[in-house]
Amino acid sequence: MMSKVLNVLLIEDDVIEVMKLNRAIASLQLKHNIIEANNGEEALDVLQNKGELPDIILLDLNMPKLNGIEFLGILKNDDVLKYIPTIILTTSSNQRDLLECYKIGIAGYVLKPLKYEEYITKIENILAYWSINELKQI
Amino acid sequence: MSQDKIDILQRALKREKAARKQAESILEQKSAELYESNQKLEAAYSDLESTYSQTDSQLQGVFEHIVDAYVVADVEGNILKMNASAVSLLGLKSIKDDCNLMELVRPDQYQDVFNAFNLVYKEGGSVSNLVVNITTKDQRDLIVQINASVIYDNGLPIASHGIVRDITQAKYEKEKLIKSEERLATLIQNLEEGILLEDENRKIILVNNKFCEFFGLQVPNELIGKDCKTVIEQIKLSFKDSKKFIDDINIAFNEKKPVLNEDLETVDGRIFERDYIPIFRDGIYKGHLWKYNDFTIRRQYRKSLEVERYKYSSIISNMNLGLIEIDLNDNILMANKSFSEITGYLEEELIGKRGIDLMTFGENRELIEEKVAERKKGKIDSYEVPIKRKDGEVRYLLVSGAPNYNLQGETIGSIGVIFDITEIKNLKFQKEKLLKKLEKSNDELYEYAHVVSHDLKSPLRSINALVSWLKEDNKDNLDAVSLQNIAHIETTLEKMEQLITDVLEYSSIGSDDGEKEEVNLNILVNDLIGILHKPSHINIKVLNTLPCINGNRIKLQQLFQNLMSNAIKFIDKENGLVEIDVKAQDDYYQFSVKDNGIGIDKKFHDKIFKIFLSLNKRKDSTGIGLSIVKKIVEMHEGEIWLDSEPTKGTTFYFTLKKL
């Protein structure tokens, strides 16, 4: 079965977390493109170039400066960007954060597991799911 | 014969002739007179005769048409003649009807009637006003009055005639009158007031029982007819001021004007009210009436009423609650001391003013005006309102108002009880502020705990990833010991992760705003038994059906889960047994979770619920589980304790409030 190659915007301030995703994709032998942004502001800069918008966004919540929820708010207020499915990838099991995110509009809320092996499984599933989804053509 | 002789003879003859002639004419005249007299006599006679017969028939007509019954009867009593009235009175058919009067007389009076008539027949005279009971021919019982006289023939009595009058009704009326007089007399005799009636000569006409009782006199009948002055002299000693008693009587007697409600006090402490009422008939003084009313008890009531009134008015003026009375125009009529103290206005500054004008401000004015309007409609209500004191300070008042009515039940204003709740209000404000602050800091704590947990957990994930990479990248270069150490790192990371999770959970219990609902613990616990990881040698039993509880479902599940998994965890016996039970108490259910595990030494029973205190160093024990349990129980207004014997087992008890 043919699956799409996704452009994934990873918004994550932790270097090791970025490494984890890259290594996971590599070890899974997936072709997806990872665009990195270290925080919300950087991510907004990336998204300014609306010609090359990502297919999905993986968003960490706890970040310095513009945090995940604030970033999400800006994103969902943008008439173009609001269509990008955004999946929260966080260690926070805070129910209030979860509710707030769903209220603003997210495509998923995934908790980072302690074990790396479990992490790989989760990432594999997320990417597999979105690669078979029809997405809005921008 | 001489001429002379002849002459003499001739003259004599002449004289004789003349005399005879004269006598003849006198005779003739007398005879005419006689005739005339005779004629007159005849006329007079016939006149007399006609007058007589006329009178007779007139008389007869009178009797026949008389309203009263007229009867003529023979000596035996047989009716010879009667008029129409008699027919109807005696119940006969017509005036021709035969009837013996004596047969109508009531048998017991027969002899009396017979005697009365017999006497008249023998000795003459008449029967007058003889009252007789009769039974008429048509069987009516009547009382009649008879007036009759005897008719004689040649000096012998042959009959009697008379009038029979029906007095039944009159008799009855008279009896009624007597009865009602008797009733009146009885009434007066038994009145609660003492009554003394004197005539114009100060002789006692009437005195009742009460009067005698009041003043220790002999029975009323013995006083009647006596001089009132002697009685007065006798009773004056009963009164405290006997001189005034006599003086007042004399003044009233002399002036002959009514004197009402005079107060008199007796030596033994009774109080009387006396009325003097002179009696006039056709403007002529006929005597007077004295009325004595014993007011002692009523006076005492009045006195105790005054005492009560004094008591309440002193309570009102000294009580801590403000009290005001206002009229229909909201003007203050009365304000007590406390109200003055609360508002800072003196009583004289308040009276006649409108409290609304003096003390309200801003939108509160409308509130009060609305409330006052409602109260005028009869609504009883209480409300809170801030006011400005005279010195400008704002105080909070609790006003409880009710309409005020007069004796006729008309609204004449309202009465307000005012309680200064400023202090309470301030405390409430303070409490609200504190609560808000607490809520905020709880919130902050919750957020903080999550942030901390995130910040602590993130490095753990990194370490875990890095360690796996090390392992992965050096698969061939690591010896067994290194691999074992890496495994230790991973276990330590897991334990740390669990610790952080538990701490977060513990700190979230109080602040989590989970809704309370009805939770069926029986279903909850049985579901848990299915989910819980338990070794096959351990058996979990629920001994009784568990009740429904009002609480947070997730927390209650956590409570049972922690206790049950604790029980499972510490079972060291070959056949493990966990028993869950419940006992209903007054307001609570007492639950128990019993195991046959290692038991807990008595000295640790208190410490066991403290956070981070794990008695056993185990991979799967952070020492927070029981702290969470305790916190959940307390959140549901319950208590938790335990009973345990080392090596035998442990029973945890806890209570939860009934629905």
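Including glycine, each Cβ sits where the backbone N, Cα and C put it.
In TrEMBL, annotation is done automatically, which means it is predicted and not curated.
Small disclaimer: the values here were computed from a predicted structure and weren't measured.
Here the coiled coil (B:6-58) returns a mean pLDDT of 82 for the predicted model. The coiled coil annotation in TrEMBL covers B:6-58.
Taken from TrEMBL, the feature domain 'PAS' applies to B:55-124 (among others).
Through the fold, the domain 'PAS' (B:180-218) approaches residues 224-229, 231, 234-235, 238, 253, 272, 285-294 of its own chain, all at least 6 residues removed from its boundaries and within a Cβ separation under 8 Å. Residues annotated as domain 'PAS' in TrEMBL: B:180-218 (among others).
Per TrEMBL, domain 'PAS' is recorded for B:308-379 (among others).
Summarising the annotation, TrEMBL assigns domain 'PAC' to B:381-433.
What TrEMBL lists as domain 'Histidine kinase' is B:451-659.
Mapped onto DSSP classes, the domain 'PAS' (B:55-124) shows 39 helix, 13 strand, 18 coil.
Across the domain 'PAS' (B:308-379), DSSP assigns 40 helix, 12 strand, 20 coil. Residues of the domain 'PAC' (B:381-433) grouped by DSSP class, helix first, strand second and coil last, total 12 helix, 30 strand, 11 coil.
Under DSSP, the residues of the domain 'PAS' (B:180-218) split into helix, strand and coil as follows: 17 helix, 11 strand, 11 coil.
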